[in-house]
Amino acid sequence: MTTPHIILADYPINRPRRLRRDDFTRRLVREHTLTVNDLIYPVFVTEGTGIQQQVGSMPGILRYSLDTLLPVAEDCVKLGIPVMALFPVIEPSLKTPDGSEALNQSGLIPRVVSALKKRFPDLGILTDVALDPYTSHGQDGVIDDDGYVLNDITKDILVQQARVQAQAGVDILAPSDMMDGRIGAIRRMLEAENLINTRIMAYSAKYASGFYGPFRDAVGSAANLGKSNKMAYQMDPGNIDEALREVAADLQEGADMVMVKPGMPYLDVLRRVKDAFRVPTFAYQVSGEYAMLQAAAANGWLDLEKVMMESLLGFKRAGADGILTYFAPAAARLLNKA
Ligand code: PBG
């Protein structure tokens, strides 16, 4: 047996695989990691007691009444999830063209917020500021005869909605409506009311997306919305410079944190926003993203745990400081086990 003669120059100079060989070096050189501190859990709340209603298009996601939500909140605390985001499922009989139920101080959201803050003071609570769960037409604001969402009237209603939520004790207001000037108007209201510590996470770059479909089923706005869309206020998916202008405006108007939404198809936007502003930046892995991963996993086409963790890490790599994700408890469980 003769050893084959190999010319030295044929050896690779660099062998990046060395650092990939063992778990310890992989962990040692890992650039980005996901922790439970990065997670915000969006939940759907409804009236009644004992309710745990499966959302058809979102396997594993339920609509809860306050009593059944309490153990979910407790679970978040135990898992170390910093924030829970509330989305209301409003009874159809309470929906009106101007969404006035959103201003009801003893409405569903204010009641749930104050109950949660009382029971779990250390769990951050975030609420959506937008009228779509409350309007009979499913748009995020008041519409004219042509179905066009009127900016300034809507903005004034959103300020009142934000006041009701803030007075109920919410920690973070998250305006998701995309009306012009609403962040500044909400911030001025908060200062005037001496609610100086209420934080604002602005849905700054929110795109008119097909990925919100299952969410609209969950809150029951899909049928109301019918064939109309939100393109006259949510952003055009082709735009990225505009996202930077939206973020700049929201920061100038008093946002503490900004968000890009949806998530996975907009990681480039997330990266640009993070690089340009260096402020706390969040991504929303929306209902449709959750649904597609679940659907593929249910078919045996994808390994759910793997794609869940990989997709969440992708947000971190793209610059997110945190992620709103329906996978939050499942991911937290895995992270806590590791
Ligand atoms: C309401 C709102 C939406 C989502 C969050 N807040 C739906 C929409 O704008 O139509 C979507 C969240 C998701 O799809 O998971 N303005």
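Cβ atoms are placed via backbone N, Cα and C, with glycine included.
The structure displayed is predicted, hence computed values, not measured ones.
Residues or ranges marked as active site, schiff-base intermediate with substrate in TrEMBL: Lys206 (among others). According to DSSP, Lys206 (active site, schiff-base intermediate with substrate) is assigned to a strand segment. Every protein chain shown contributes to the tally, and the Cβ of Lys206 (active site, schiff-base intermediate with substrate) ends up with 27 other Cβ atoms within 10 Å.
Positions annotated as active site, schiff-base intermediate with substrate by TrEMBL: Lys261 (among others). In the structure as shown, the Cβ atom of Lys261 (active site, schiff-base intermediate with substrate) sits within 10 Å of 24 other Cβ atoms.
Feature annotation from TrEMBL assigns Mg(2+) binding site to Glu246. Long-range Cβ proximity for Glu246 (Mg(2+) binding site), meaning a same-chain Cβ under 8 A and a gap of 6 or more residues, is found for Ser204, Ala205, Met235. Glu246 (Mg(2+) binding site) falls within a helical segment according to DSSP.
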